[in-house]
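Trainee: The structure that follows is given in the form of structure tokens.
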Amino acid sequence: MDFRIGQGYDVHALVPGRPLIIGGVTIPYERGLLGHSDADVLLHAITDALFGAAAMGDIGRHFSDTDAKFAGADSRVLLRECFARVTAAGFSIANVDSSVVAQAPKLAPHIEGMRANIAADLGLPVERVNVKAKTNEKLGYLGRGEGIEAQAAVLLIRN
């Protein structure tokens, strides 16, 4: 069998006047993530991990932040398109593991919604998708609440 591991990373600044969307879940908060699309840091990290595992480049190669057609894009749509491309290349997803690092807001109440969205978008049972919420223990730009970071790992199997 041909197994492929992919690793993804993303970070966005928190700013006033934007919704906070993580894992496809809109989270009540006074600030949101700055980005060309909806800036869903978690879905961007997972998308990057999927493209990386399939040796298909990264999210920017497929969905450029300089392309006007992706302005304000729903990252769930981008994740589904990534999944279609990875599947067309002959891969299936074994599992997804991810971490979101945010000093605030508390993400634990939203984790199951994130898992459900990701599982639905990738055609997986929810037990094959994991999302962890972490703080940065008040250290650095994440600890000061200046942004939110996500990391993801995926395992692909060639069909």
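Even glycines carry a Cβ here, placed using N, Cα and C.
In case it's useful when we look at the structure, here is the feature table from Swiss-Prot:
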BINDING   D10, H12, H44  divalent metal cation binding site
BINDING   D10, V11, H12, H36, S37, D58, I59, G60, F63, S64, D65, T66, D67, R144  4-CDP-2-C-methyl-D-erythritol 2-phosphate binding site
SITE      H36  site 'Transition state stabilizer'
SITE      T135  site 'Transition state stabilizer'
Trainee: Provide the three-state secondary structure of H12 (divalent metal cation binding site) computed with DSSP.
Mentor: strand
Trainee: Measuring Cα to Cα, how many angstrom lie between T135 (site 'Transition state stabilizer') and H12 (divalent metal cation binding site)?
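Mentor: Answer for this pair: 15 Å between alpha carbons.
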Trainee: In sequence order, what residues of the same chain, 6+ apart, have a Cβ less than 8 Å from the Cβ of F63 (4-CDP-2-C-methyl-D-erythritol 2-phosphate binding site)?
Mentor: S37, T47, F70, A73, L78, E81
Trainee: Take the Cβ of D67 (4-CDP-2-C-methyl-D-erythritol 2-phosphate binding site) and count every other Cβ within 10 Å, whichever protein chain it belongs to.
Mentor: 11
Trainee: Specify the secondary structure state of I59 (4-CDP-2-C-methyl-D-erythritol 2-phosphate binding site) as given by DSSP, simplified to three classes.
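Mentor: DSSP assigns I59 (4-CDP-2-C-methyl-D-erythritol 2-phosphate binding site) to helix.
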Trainee: Mind checking which of H12, H36, H44 has the fewest other CB atoms within 10 A of its CB? They're the recorded positions.
Mentor: H36
Trainee: Which one is it, among the recorded positions D10, H36, H44, that lies nearest to D67 (4-CDP-2-C-methyl-D-erythritol 2-phosphate binding site) by Cα separation?
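Mentor: Given the candidates D10, H36, H44, the nearest one is H36.
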Trainee: Counting Cβ atoms within 10 Å of each candidate's own Cβ, which of the binding-site residues D10, D65 comes out highest?
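Mentor: By the 10 Å Cβ neighbour count, D10 comes out on top.
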Trainee: Give me the CA-CA distance between D10 (divalent metal cation binding site) and I59 (4-CDP-2-C-methyl-D-erythritol 2-phosphate binding site), in Å, as a whole number.
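Mentor: Cα-Cα, rounded: 10 Å.
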Trainee: Compared by Cα position, which of the recorded positions H12, H36, H44 is the closest one to D65 (4-CDP-2-C-methyl-D-erythritol 2-phosphate binding site)?
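Mentor: Answer for the nearest of the recorded positions: H36.
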Trainee: How would DSSP class D67 (4-CDP-2-C-methyl-D-erythritol 2-phosphate binding site) in three states?
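Mentor: Once the DSSP labels are grouped into three classes, D67 (4-CDP-2-C-methyl-D-erythritol 2-phosphate binding site) ends up as coil.
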Trainee: So if I draw a 10 Å sphere around the Cβ of I59 (4-CDP-2-C-methyl-D-erythritol 2-phosphate binding site), how many other Cβ atoms end up inside it?
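Mentor: By my count, 25.
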Trainee: Given I59 (4-CDP-2-C-methyl-D-erythritol 2-phosphate binding site) and H44 (divalent metal cation binding site), what distance in Å do their CA atoms have, once rounded to a whole number?
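Mentor: With distance taken Cα to Cα, H44 (divalent metal cation binding site) is 7 Å from I59 (4-CDP-2-C-methyl-D-erythritol 2-phosphate binding site).
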Trainee: Rank the recorded positions S37, T135 by how many other Cβ atoms lie within 10 Å of each Cβ and give me the one with the fewest.
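Mentor: Comparing Cβ neighbours within 10 Å for the recorded positions S37, T135, T135 has the fewest.
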